[in-house]
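What TrEMBL records for this protein:
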type     : residues                             : note
ACT_SITE : 112                                  : active site, proton acceptor
BINDING  : 51, 52, 114, 165, 166, 221, 266, 267 : Ca(2+) binding site
DISULFID : 40-350                               : disulfide bond
CARBOHYD : 267                                  : N-linked glycosylation site
CARBOHYD : 321                                  : N-linked glycosylation site
């Protein structure tokens with residue numbers, strides 16, 4: 001058991017008056033009823049996580065795998081992270097590991113959130129949140145489809161990118177990023193969460209300008225953009241909600257509304273045709289941070305329709321008690337096909 005897992009268990013059990021709020025933020029008592037989908041199968045070759053997924057318009061899906069994160073389980077703690085590619089146009093898609101160009105430090109590769117950007121000349125850029133030696137960088141790659149490879153273009157570091165969780169690309173070298181904690185030291189991260197400090201934020205990065213554009217989150221996690229490019233969506237995993245932010249010409253954001261949910265919302269994916277938000281969630285965060293093979297972390301997928309309306313429709317599309325899929329973190333669709341990823345476990349492919 002890691003030190004931060006010990007902190008979560010002992011802190012949330014022993015210390016008052018923060019006990020109640022800590023347990024509430026982790027949904028420590030919640031259980032979910034199963035919701036199954038037809039024709040689901042685990043993807044062969046993905047054994048140590050599929051934390052984030054981004055699907056190109058042509059059906060090629062990028063998958064980040066092998067995340068090592070303080071307090072969370074890893075089934076391959078000594079193996080470097082990987083980026084997989086899945087072609088969803090195939091009847092039985094298989095995961096192919098993408099080769100990364102020479103000169104990049106593969107040994108410390110620890111990928112987290114990802115985002116793609118397709119330029120006017122059809123060049124595909126892949127942004128990858130990386131935690132080498134538990135630090136935070138954003139790695140920029142160019143995808144070469146002909147030989148299933150990634151060419152590393154640059155490593156982005158900045159004082160405002162302290163504890164990056166996810167990114168959404170705005171251009172070939174610009175993005176919004178979430179910092180899920182103010183601190184990067186894992187003991188201080190625990191105290192930040194346990195005390196309920198709302199010091200997490202969203203940062204805009206470009207080579208010409210870097211600035212904080214939103215703040216006041218318990219733990220800003222997944223981030224994405226509406227199909228019309230007018231709104232940014234941010235998941236606050238410890239506040240169980242999704243923020244809708246209006247994007248302005250100067251890249252600043254203003255709060256429009258907040259959708260409250262009853263689960264720990266992780267990454268956000270957008271259906272480019274309908275604008276629906278699909279999200280992988282953690283029904284019970286205590287099970288995620290305090291891993292027990294006899295009481296596995298569950299998985300849950302929500303579909304959010306018409307989030308800008310007065311009455312958004314939230315549908316639980318899939319849920320499992322951990323017997324099939326542990327710790328779902330992302331759900332992405334392509335046509336009638338659904339990919340569900342996890343923080344440290346497998347990946348599931350389903351027909352809708």
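Don't overthink the numbers, they just go from 1 along the chain as shown.
Glycine is treated like the rest: Cβ placed from N, Cα and C.
Comparing the Cα of residue 165 (Ca(2+) binding site) with the Cα of every entry in 40, 112, 321, 350, these being the recorded positions, the smallest distance points to 112. Cβ neighbour count for residue 51 (Ca(2+) binding site) (all protein chains, 10 Å cutoff from its Cβ): 31.
Geometry remark: residue 51 (Ca(2+) binding site) versus residue 40 (disulfide bond), CA distance 18 Å.
In this view, residue 112 (active site, proton acceptor) is surrounded by 26 other Cβ atoms within 10 Å of its Cβ, with every protein chain counted. One residue stands out among the recorded positions 221, 321 for having the most other Cβ atoms within 10 Å of its Cβ: 221. Other residues of the same chain near the Ca(2+) site, with their Cβ within 8 Å of the Cβ centroid of 51, 52, 114, 165, 166, 221, 266, 267, are 112, 113, 129, 222, 329, 330. Separation of the C-alpha atoms of residue 166 (Ca(2+) binding site) and the residue listed as 'active site, proton acceptor': 7 Å, rounded to the nearest whole number. Each of the recorded positions 40, 114, 350 was scored by the other Cβ atoms within 10 Å of its Cβ; the lowest score goes to 40. A count of other CB atoms within 10 A of each Cβ picks out 267 as the most crowded of the binding-site residues 165, 267.
When the C-alpha distances from residue 221 (Ca(2+) binding site) to the recorded positions 40, 112, 321, 350 are tabulated, the minimum falls on 112. Here residue 267 (Ca(2+) binding site) is compared against the recorded positions 40, 112, 321, 350, and the shortest C-alpha distance is to 112.
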